[in-house]
Amino acid sequence: METESEVEVGQPRRSMARNAAALMASQSVTWVLATVVAAIVPRFLGPVPIGRLSLGVAIWLMVSVLASLGTPTMLTVEVARDVPAARVLAARAIRARAVAFVAVAPFVVLLLLVADYERRTVAIVLAMSFAAFVNLVSSTYASVIHGLQEMGATARVEVIGKLLNAVAVVSALALGGGALAIVGVGAGVSVVSAVLLVNAFRRVCPPATSTSDWSARRVATVAAPFLLAEASLVVYQQLDTLVMSILVDEETIGWYATADLLFGSLLFVPVILMTAMFPAIADMHQRDPAEVPHLLERSSRSLLVVSVPIGVGTIVVSRSFVNTLYGDAYDNAAPVLAVFGVVVILSCQTIMLGRFALATDRVAFWVRLMVFSILLTVPLDLVFVPWTRDRFDNGALGGALAYVVTESIMMIVGVVRMAPHLLTMRTLDRVLRCGAAGGLMLWVGWQFRDMVFVIPGTVSVGVYVVAVWLLRVLSEDEIDQLRRLTRVFRSRWPGRHKKAER
């Protein structure tokens, strides 16, 4: 049994800035590693196997979110509010998740039988079940660690896991492995990551001293509202793939999945910020709720400045980037990625609104909005996918267009109903200035779009930075925050201190 000296009990909780810095550093590394894998795997396997893998990922993500019972968010919130209960909560959540997974998994087999997928597709989907279960259990520890606001611990595990995955995937492909080999690699990496997360949990989590009666049933009951929010989000994100699997062939799904994978990596900035801020927001809502709207406003304004160059840059380099990485077989993924560039700007705001809703007890409203978007996605896909398939010979484009519509609706309704204080002249001024900088970035970058993606990407980002400076987009407070964040980053580089001592 661990003694108090073995656990970092007396240390203060990490600040949001340090958590954001830790996550930014780790995500920068994992983004590079994920990009390497995303560049290599589709080129080796081809669109059809990629389509099969993406279908399996979509299915098991939905199973996992149902089996998690809403505990990822619930654990982070409850641990942030009651640290001594962390170990008890983790144990009860794991028990509840395991039972739920065993109950839900048979429905996957039923789906595969009813949908009548090809035998190779069925084999790949079933092979993914092991990694799905291991990740479901290990993610419990990650949620608790986030509640303790020790994001650096999970960040290190994520970097190691991504590095191992990249090396193993490249090795498997070099040895002639196919989609099933990739699934096997994923299973092995999931086990290693689980062991590392358990060790991190034991290191940062204080001993169980809470007298709270947290049974597995109570955990599931308290987490139920969060389950609706988390399940609706995953279904919303993965439903396009399932609907498209009925309307188009696996090659088209492969185009969509490749663009969607790249799109997901572009959202690392809002994901980092919201992951770092979420437990602090939940704690702030309990202690000083009047301060939460101000934090929401600052977050929205800052995310807009960051998301515009990411989205516009994606539009500019989409074709050159896809052609360079994947070749002619994925030519139809380029316009899909370009449309996702628009979605990036919208999604940064909806991700922020969603996390604020969960942290401030607005779960019911956000769930209703997500359910509406899910219900709207199906008819949009049924209209857009066949239309783009017949009009542009690219049904994958329809799935991306449906995303633009639903994300726009979610952002507008979310702001009007949940954050009307954002509807000010100050916000309009920020939108217009960022829009002007983004428009200039798009126009200049478009002139270089046929060159290797590094050139238009670098030029367009440089233009945006200059435009932001000339238009005075950033406030003095944001400039000060950038300076503080820069100091935090520098403090994490031991080499700089050694040079200074010399």
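The backbone N, Cα and C atoms fix where each Cβ goes, glycine too.
Just so you know, TrEMBL annotations are computer predictions that nobody has curated.
Lifted from TrEMBL, the feature list:
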- 20-41: transmembrane segment (TRANSMEM)
- 53-74: transmembrane segment (TRANSMEM)
- 94-115: transmembrane segment (TRANSMEM)
- 122-146: transmembrane segment (TRANSMEM)
- 166-198: transmembrane segment (TRANSMEM)
- 219-239: transmembrane segment (TRANSMEM)
- 259-282: transmembrane segment (TRANSMEM)
- 303-322: transmembrane segment (TRANSMEM)
- 334-353: transmembrane segment (TRANSMEM)
- 365-388: transmembrane segment (TRANSMEM)
- 431-448: transmembrane segment (TRANSMEM)
- 454-474: transmembrane segment (TRANSMEM)
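Counting only same-chain residues 6+ beyond the ends of the transmembrane segment (303-322), those with a CB under 8 A from a CB of the stretch are 258-259, 262-263, 266, 269-270, 273, 330-331, 333-335, 337-338, 340-345, 348-349, 352, 430-431, 434-435, 437-438, 441-442, 445-446, 448-453, 456-457, 460-461, 464, 468, 473-474, 478. Through the fold, the transmembrane segment (365-388) approaches residues 225, 228-229, 232-233, 235-236, 239-240, 243-244, 247-248, 353-354, 357-358, 394-399, 401-402, 405-406, 409-410, 413-414, 417-418 of its own chain, all at least 6 residues removed from its boundaries and within a Cβ separation under 8 Å. Outside the transmembrane segment (219-239) by six or more residues, the chain places 57-59, 61-62, 64-66, 68-75, 78, 89, 92-93, 96, 100, 354, 357-358, 363-364, 366-367, 370-371, 373-374, 377-378, 381, 406 with a CB less than 8 A from a CB of the stretch. Beyond the transmembrane segment (53-74), the same-chain residues lying 6 or more positions past its ends with a Cβ under 8 Å from any Cβ of the stretch are 45, 93, 96-97, 100-101, 103-105, 107-108, 111, 117, 121, 124-125, 127-129, 132, 135-136, 139-140, 143, 179, 182-183, 219-220, 222-231, 233-235, 237-238, 241-242, 245, 250, 253-254, 256-257, 260, 358. The transmembrane segment (166-198) shares more Cβ pairs under 8 Å with 122-146 than with any other stretch in the list 94-115, 122-146, 334-353.
Residues 59-60, 63-64, 66-69, 71, 122, 125-126, 129, 132-133, 136-137, 140, 216-217, 219-220, 245 of the same chain sit 6 or more residues outside the transmembrane segment (94-115) yet have a Cβ under 8 Å from a Cβ within it.
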